[in-house]
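Undergrad: Pasting in a structure now, in structure tokens, and then I'll have a few things to ask.
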Amino acid sequence: MAAELDNVKLYYFNYNLTDGVGEPIKLLLEDSQVRHQYIQIERTPDTWDNSFREELIASDKPYDCLPFIETQDGERYFCSGPILRFLSKKLGLLDGLSDKDVQFLDSVENLAFDFYISLAEHTVRPIVTEENRKKYITLGCRRHAARMERLYSIHDGPYALGSKVSYPDYVVYHTLYELRPILDVNKEFPNLAKLVDAIEKRPNIKEYIASRPQKNGPLEKELLKD
Ligand SMILES: N[C@@H](CCC(=O)N[C@@H](CS)C(=O)NCC(=O)O)C(=O)O
């Protein structure tokens with residue numbers, strides 16, 4: 001493993017309902033057994049808007065969002081998909097893949113990110129109406145899932161690229177995990193069901209999920225109905 005990754009710091013928010021877009025990075029770090037610290041910031045005006053966010057903007061990397069990772073040498077790297085790809089590259093997880101494969105992985109990650117954000121946009125954002133929440137729950141999320149199902153049919157699974165796990169798999173898995181109250185992949189999306197099963201059988205992930213504080217996701221209301 002690249003020495004600079006040892007004890008890498010991952011920064012993200014400690015939301016109540018969801019593990020958010022930091023979680024696929026956490027899953028990759030856990031699965032690859034990278035020693036790391038997870039620094040979770042409370043998203044309040046005092047701890048974020050008027051302090052940490054301002055510090056970031058004033059720094060030489062003036063991003064104003066989380067997640068980011070900080071490596072041993074003090075370098076910071078931002079944005080979930082690019083961080084996943086960067087870590088995968090440093091960990092040698094992209095070794096042997098063609099440019100065509102990596103382009104495919106990037107495209108799956110990009111659409112998986114849209115899938116994840118569509119969930120937030122139709123459930124927890126303040127502008128969400130009850131009507132568009134319902135429409136998303138019945139229809140909207142299935143359009144995204146159906147697209148992922150097609151992409152996961154290209155290779156002979158369970159992962160996006162076939163038998164080898166790669167970074168978009170953690171994004172798709174985490175999205176499906178948060179959607180579980182309204183989307184039963186076992187009934188509707190067989191390729192995605194294979195992915196969920198394969199990820200959850202990975203020993204390091206299994207151990208991590210068992211120890212992770214339980215958050216029901218932005219669909220908590222629906223999950224708690226049963
Ligand atoms: N495309 C970015 C999105 C980053 C992003 O917008 N993060 C949100 C949290 S999920 C944030 O930092 N919001 C803080 C703010 O808007 O002040 C990524 O994938 O990391």
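Each residue, glycine too, has its Cβ placed from N, Cα and C.
Sharing the feature lines straight out of TrEMBL:
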- 9-95: domain 'GST N-terminal' (DOMAIN)
- 98-219: domain 'GST C-terminal' (DOMAIN)
Undergrad: Is it possible to list how many residues within the domain 'GST C-terminal' (98-219) are helical, extended or coil according to DSSP?
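TA: For the domain 'GST C-terminal' (98-219), the helix, strand and coil counts are 83 helix, 2 strand, 37 coil.
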Undergrad: When secondary structure is assigned with DSSP, how many helix, strand and coil residues does the domain 'GST N-terminal' (9-95) contain?
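TA: Secondary-structure breakdown of the domain 'GST N-terminal' (9-95): 37 helix, 17 strand, 33 coil.
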Undergrad: Taking all residues of the domain 'GST C-terminal' (98-219) together, what is their mean pLDDT?
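TA: Computed over the domain 'GST C-terminal' (98-219), the mean pLDDT is 94 on the 0 to 100 scale.
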